[in-house]
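*Asks:* According to TrEMBL, the protein carries these features:
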type	residues	note
BINDING	B:96-103, B:179-183, B:241-244	GTP binding site
DOMAIN	B:1-76	domain 'Signal recognition particle SRP54 helical bundle'
DOMAIN	B:88-245	domain 'AAA+ ATPase'
DOMAIN	B:89-289	domain 'SRP54-type proteins GTP-binding'
Amino acid sequence: MAAFGSLSTRLTETLAKLRSKGKLTASDVDGTVREIRRALLDADVALEVVKSFTAAIRERALGAEVSEALNPAQQVVKIVNDELVGILGGETRRLELAKQPPTVIMLAGLQGAGKTTLAGKLAKHLAGQGHTPLLVASDLQRPNAVTQLQVVGGQAGVPVFAPEPGNGVGDPVRVARDGVAEARRRQHDVVIVDTAGRLGVDAEMMQQAASIRKAVQPDEVLFVIDAMIGQDAVATARAFQEGVDFTGVVLTKLDGDARGGAALSIRGVTGKPILFASTGEGLDDFEAFHPDRMASRILDLGDILTLIEQAQKAFDEDEAMRLAEAMATDQFTLEDFLKQMQQLRKAGNFKQMLGMLPGAKGMREAIDGFDEKELVRTEAIIQSMTPQERKQSKILNGSRRLRIARGAGVTVTDVNQLVARFEQAAKMMKTVAKGGVPQMPGMGPMPGMRPKKQQKPQGKQQRRSGNPAKRSAEPAPQLQQGGVFGQPQQQGGAFGDLSGDDQAALQRMLGNR
Amino acid sequence: MAAKWSLTGALRGMFTRETITEETWDDLEAALITADFGPDITEQLVDALRADVERLGVDDPQDLRRMLRERLEERFAAYDPTLSLQERPAVILVVGVNGVGKTTTIGKLARFLVRNGQSVVVGAADTFRAAAVEQLATWAQRAGSAIVRPEREGQDPASVAYQTVEAAKAHQHSMCIIDTAGRLHTKGGLMDELGKIKRVIEKQSPVAEVLLVLDATTGQNGVNQAMAFIEHAGITGLVVTKLDGSAKGGFILAVQERTGIPIKLIGQGEGIDDLTGFTAHVFVQQLVG
């Protein structure tokens with residue numbers, strides 16, 4: 001869709017200005033929803049479906065599911081994707097086979113949707129599963145459709161019941177009925193009835209399809225539709241629903257570059273599940289329908305969705321909340337300490353990140369002395385402890401410490417230092433959590449900082465940007481608080497007036513011995 | 001039975017209102033989008049009409065209908081829809097994605113040309129799809145034209161095309177229409193094959209027209225299709241089929257404008273005589289009412 005500029009590009013442009021805002025406002029949502037609406041229309045999703053869909057999105061986006069990890073644009077996109085997958089895949093199901101064979105499957109659809117080819121694919125697919133399908137040539141309308149089905153059947157290695165030559169000669173209803181009888185006699189367990197393509201507006205042909213349906217009482221009526229269809233998908237789907245009342249949908253020609261909004265339109269209007277997707281001209285190019293792939297195809301949002309996934313992986317919201325809570329309620333344990341550490345490592349190169357903070361000049365020495373391997377060592381030590389030891393560091397006696405040291409491949413001194421560091425850190429955390437402000441050497445009080453009382457976790461806090469250039473442009477304090485400690489509630493905490501002891505403790509906690 | 005959706009029908013309600021209101025614009029936008037004009041052209045049209053209405057101080061919806069018709073007509077008529085078939089034999093290559101109605105279109109076109117006193121030969125270069133040759137043969141018989149079939153199954157389509165032109169020269173047919181297998185425009189190898197077919201034909205005779213057949217129910221993907229076929233087959237005209245199914249096909253305006261390739265023929269029914277030349281005035285009249 002290069003000609004139109006993908007939704008990703010447009011969304012990125014529209015939403016660049018939203019980056020700095022913390023919360024989703026009505027106008028943010030409106031802007032994003034407008035772009036999404038356009039993208040859906042470009043993907044040929046039917047207007048009425050787009051309308052109800054965007055209305056639902058808007059409501060959900062405003063309904064405050066504010067995420068820590070995502071910026072507003074990403075959040076809206078995520079909601080959209082979730083909803084799309086939900087609608088497309090709500091009730092994905094397989095073919096329903098009759099308890100009393102033969103199972104009768106009838107195919108219906110517009111001309112050129114790919115019914116006859118699909119009949120061959122379906123037959124081959126079923127034959128591969130050990131069924132013995134019979135193809136029935138009830139398309140007596142299109143020139144040589146019968147011949148085509150015979151050829152396709154031959155390729156699939158499946159017998160074809162074709163008593164009439166076609167080309168307008170013969171009664172398709174009788175052929176269908178005889179076909180099912182034939183299958184019963186020859187003990188085929190599945191019958192696939194290919195019918196003539198018809199326009200949704202052609203009453204006569206639709207009547208014929210309804211008659212076939214009545215005559216053979218199919219277990220499944222599959223509506224075959226071209227993924228490239230435009231706004232007409234809805235009218236067509238409705239006409240077929242009323243005319244033959246299909247039980248499932250097959251989307252064909254998905255190997256092209258159509259975004260396939262029809263899938264969403266049909267699901268949205270008829271509620272009928274999409275069973276299969278046809279993805280090529282070979283008889284094996286046939287697969288079960290994947291709602292998630294379809295969703296990102298419709299929106300054309302692959303890269304943004306990947307980003308969202310990454311952002312969420314890197315920052316586990318719930319974990320941070322839990323930590324913050326633990327600190328506030330005075331239950332900071334070695335386990336929490338470990339988790340904090342792990343989150344730090346997930347966040348990437350800690351040293352590099354520190355170096356990018358504006359105003360970190362004074363910390364140069366501290367930074368240079370910081371050894372990232374220390375994090376690994378600390379992790380190893382804590383992981384060598386029993387769960388009980390992690391929760392109650394007080395029970396760590398000499399013999400336990402020796403065991404831990406051996407387990408982690410370090411000396412008892414290292415273990416001792418860690419425990420001391422942890423205890424001091426825990427003390428400091430408490431100070432901070434209670435509203436005290438620890439001091440960082442070499443850094444004056446930061447602009448715009450005010451000591452804050454203990455607060456509820458903030459709704460939305462700026463996360464570390466993935467882009468170093470942007471990262472350095474971001475205000476330092478938030479970064480330190482969010483990135484280093486993973487405590488969302490300490491927005492205001494600078495290291496203003498901490499006692500000398502605490503300063504040392506903080507430094508030690510950072511591994512600078 | 002769902003009633004046939006038509007732009008005319010959708011617009012009717014809107015034009016019977018007394019004055020032009022915000023609702024009129026919403027309805028117009030919805031109608032244009034539902035007719036597959038796509039969000040871009042719809043926005044352009046609505047904005048342009050809004051500006052006109054404001055500038056001219058119009059508030060009668062009937063005037064708006066006339067203005068819409070004029071705008072559309074102007075845009076549709078920007079290109080020359082005449083088929084150029086001066087060469088002898090005039091070679092017409094018909095291409096398109098699967099299931100748009102290429103073979104049917106050829107049948108109708110052959111019939112049209114035969115009725116106008118031309119002697120026509122069709123070439124069944126769709127050697128891929130099962131029974132495509134038989135389908136074309138049935139049409140050729142109905143149209144009263146000659147047919148060149150592949151000598152064996154799965155023969156190289158380019159060689160069938162070559163033989164068709166050869167036959168046209170040998171038997172002094174004035175028109176030569178070549179069917180090709182439907183192919184999705186995203187399949188590089190198959191698209192290259194089209195280029196080869198064209199080159200092989202050109203060894204004997206210049207190709208008069210390369211017609212891309214588009215299904216009127218296609219959505220915005222039609223533009224992608226056209227772009228890809230232009231690149232590989234150098235199309236010179238568009239044929240829109242199945243216009244009877246949906247009174248829509250708004251996307252062809254986008255295709256025509258983005259590619260600069262004129263719409264030349266439209267197919268409006270399943271009968272053999274349901275293929276006509278494209279006239280912007282008539283088309284828009286049918287579309288808007």
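Keep in mind that glycine also has a Cβ here, set from the backbone N, Cα and C atoms.
Keep in mind that TrEMBL annotations are predicted by a computer and have not been checked by a curator.
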*Asks:* Among all protein chains shown, how many Cβ atoms are found within 10 Å of the Cβ of B:G99 (GTP binding site), not counting that one?
*Replies:* 23
*Asks:* Excluding near sequence neighbours, so keeping only residues 6 or more apart in the same chain, what lies with its CB under 8 A of B:T180 (GTP binding site)?
*Replies:* B:L93, B:V94, B:V95, B:K102, B:A125, B:D126, B:P157, B:L194, B:I197
*Asks:* Cβ within less than 8 Å of a chain A Cβ is the test here; which of the binding-site residues B:G96, B:G99, B:K102, B:T180, B:L243 meet it?
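*Replies:* Near chain A - Cβ to Cβ under 8 Å - we find B:G99.
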*Asks:* Through the lens of DSSP with three states only, how would you label B:K102 (GTP binding site)?
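*Replies:* Note: B:K102 (GTP binding site) is helical by DSSP.
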*Asks:* As a test of reading the model: what is the averaged pLDDT for the domain 'AAA+ ATPase' (B:88-245)?
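*Replies:* Summing pLDDT over the domain 'AAA+ ATPase' (B:88-245) and dividing by its length gives 91.
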*Asks:* Give me the count of other Cβ atoms within 10 A of the Cβ belonging to B:L243 (GTP binding site).
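*Replies:* I get 22 for this one.
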*Asks:* By the DSSP assignment reduced to helix, strand and coil, which category contains B:T180 (GTP binding site)?
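*Replies:* Where B:T180 (GTP binding site) sits, the three-state DSSP reduction gives strand.
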*Asks:* Please list residues from the chain of B:G96 (GTP binding site) whose Cβ is under 8 angstroms from its Cβ, counting only those at least six apart in sequence.
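*Replies:* In sequence order, the residues whose Cβ lies under 8 Å from that of B:G96 (GTP binding site) (at least 6 apart) are B:K102, B:G182, B:L212, B:V213, B:L214, B:Q225, B:F229.
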*Asks:* According to DSSP, which of helix, strand or coil covers B:L243 (GTP binding site)?
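*Replies:* It is coil.
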*Asks:* Note down the number of other Cβ atoms within 10 Å of the Cβ of B:K102 (GTP binding site), including every protein chain shown.
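*Replies:* Excluding its own Cβ, the number within 10 Å is 26.
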